[in-house]
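Chemist: One structure coming up, written as structure tokens, with questions to follow.
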Amino acid sequence: MLEILILLPLIFFVIISFIPKSKINLIKKLSLSFSLIIFFYSILILDSLQFNIYDYKYYIDISYLINIRYIIGIDFISGLLIVLMTLLIPVCILTNWESVRYRFKDFTLILFLLEFLIINLFVSLDIVFFYFFFEAVLIPMFLMIGIWGSRQRKIHAVYQFFFYTFFGSIFMLLALILIYLHVGSTYINYIKFIEFSNNRQILLWLCFFIAFAIKVPMIPFHIWLPEAHVEAPTSGSILLAGILLKLGTYGFLRFLIPLFPYGYYYFKPLIFVLCIISIILGSFSTIRQIDLKKIIAYSSVVHMNFTILGLFTDSLIGLQGSFFSMISHGVISGSLFFCIGLLYDRYHTRLLYYYGGLGQFMPIFSSIFFIFILSNMGFPGTSGFIGEILILVSVFNINSKIGVVICFSMVFASIYSIWLFNRIIFGELKNYNFLIHQKLFFKKWFFKFSDVTKRETFILVPMVFLNLLLGIYPNLIFNLVEPNLLSILLDVLK
């Protein structure tokens, strides 16, 4: 079954590539149908996994080179992240339904290629193939931002994104070579039982850390993220925040923490310091932004470093909170970027000072946007609350002073979230093109002040439902991943 899930995006990629570019409506309908098929099949795969099983299911082992094999398997950790990925792809296709008018077919092909690569990444159990897919994901994102980016600085942003990621890949490649020379294999279940010397663990841990920290991103490796978000199309921002940032935290959880326990404890104080700095500076940076995308981008830096903090608390609660935050952040941030894209399609600006009073014309949008703003600030009853409170409890169990600092950062999250909502929804209408559009083109003016369309409702309502469902019933996630997270914790404590 797993091999079918891996091949489906590739098969649909080939089918769409044979359709003429002129048949846009056919491409739209087929791409949406194909993406939904993959989504429902990923849920079927997840449902077929067994509870309380520590190991992987659906092993496929194909020999590639000497002791380097294409080995794949899936557990609830990788399975839930795959479901999140396959959920965001149809969201991206619907987002592009009318906003992308230039080379829509090519954009769709890039989405399916990206889906194929990320599914392979999450199921790879050989570090060489994980590294290959980890770096290959850069190609479709590079093309997406470089071709369909929204402003003149898109080339600068995409090359910055490329060079930061490439810089990290050099260190990761060095670590792979050292592991292969020492172990003779790159299969993670072999590496788990190999005892590296303390100095070698420190070196390997640092190499992997740089690669994963850039993807998270952690300060000082975060500069590429706001630039990439601002220049990316809306669907690119949804994928960046919703799934691409999770590749870094997944690398921490799957490889860095269980494979090198000595390095884990040796660098634990450094991680705490970097996470605290990232959370505080990220919060201050968010408050001073006036670009809507940059506000959400910097808040993503804060949330992802909060997630990393929970991974290093030596507790099952911390691991559960971190993984739950990965899933909830994918839903919340992806939805917030879609809301910003929705506004941009109407007003063609992302500067905060050009907005105001939209609650008068867009009550449904205002209500939905308010729910996601509450989720972003970790309000009880939403999915954003569950992960943050568990991480906070686990941090207080280690060091109450660090916990107090984190509490202050949560206050800042409330400040910039409420400030963002207040400036957009309340106050006087700030649309300086109102009279021009009213006189020149009534239809354009009507769309400018219209509430969410049917297509936008079809995207937002399920995301709101999922957000509230996870906030009310978090055991939907915890019951699945607890055995896998406990296994990782035991690998660290062994």
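Cβ coordinates are placed from backbone N, Cα and C, and glycine is handled just like the others.
Just so you know, TrEMBL annotations never went through curation; they're auto-generated.
Sharing the features that TrEMBL gives for it:
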DOMAIN    124-412  domain 'NADH:quinone oxidoreductase/Mrp antiporter transmembrane'
TRANSMEM  6-24  transmembrane segment
TRANSMEM  31-51  transmembrane segment
TRANSMEM  71-95  transmembrane segment
TRANSMEM  129-149  transmembrane segment
TRANSMEM  161-182  transmembrane segment
TRANSMEM  202-225  transmembrane segment
TRANSMEM  237-257  transmembrane segment
TRANSMEM  263-284  transmembrane segment
TRANSMEM  296-317  transmembrane segment
TRANSMEM  351-374  transmembrane segment
TRANSMEM  402-421  transmembrane segment
TRANSMEM  458-481  transmembrane segment
Chemist: Are there 3 or more C-beta pairs under 8 Å linking the transmembrane segment (71-95) with the transmembrane segment (202-225), counting only pairs at least 6 apart in sequence?
Modeler: no
Chemist: Do any residues of this chain, six or more beyond the ends of the transmembrane segment (296-317), have a C-beta under 8 angstroms from a C-beta of it, and if so which?
Modeler: 216-219, 222, 225-226, 229-230, 237, 241, 245, 248-249, 252-253, 257, 264, 268, 271-272, 274-276, 278-279, 282-283, 285-286, 289, 325-326, 329, 333, 336-337, 340, 376, 387-388, 390-391, 393-395, 397-398, 406, 409, 413, 416-417, 482, 485-486, 489, 492-493
Chemist: Would you kindly list the residues that approach the transmembrane segment (402-421) from elsewhere in its chain, counting only those six or more residues past its ends and only Cβ-Cβ distances under 8 Å?
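Modeler: Sequence-remote neighbours of the transmembrane segment (402-421) are 272, 276, 279-280, 283-284, 286-287, 292, 295, 299, 302, 306, 309, 352, 369-370, 373-374, 376-378, 388, 391-392, 395-396.
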Chemist: So what's near the transmembrane segment (458-481) in sequence-distant terms, Cβ-Cβ under 8 Å and 6+ beyond its ends?
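Modeler: Distant Cβ neighbours of the transmembrane segment (458-481) are 46, 49, 51, 76-77, 79-80, 91, 94-95, 320, 323-324, 327-328, 331-332, 334-335, 338-339, 368, 371-372, 375, 380-386, 452.
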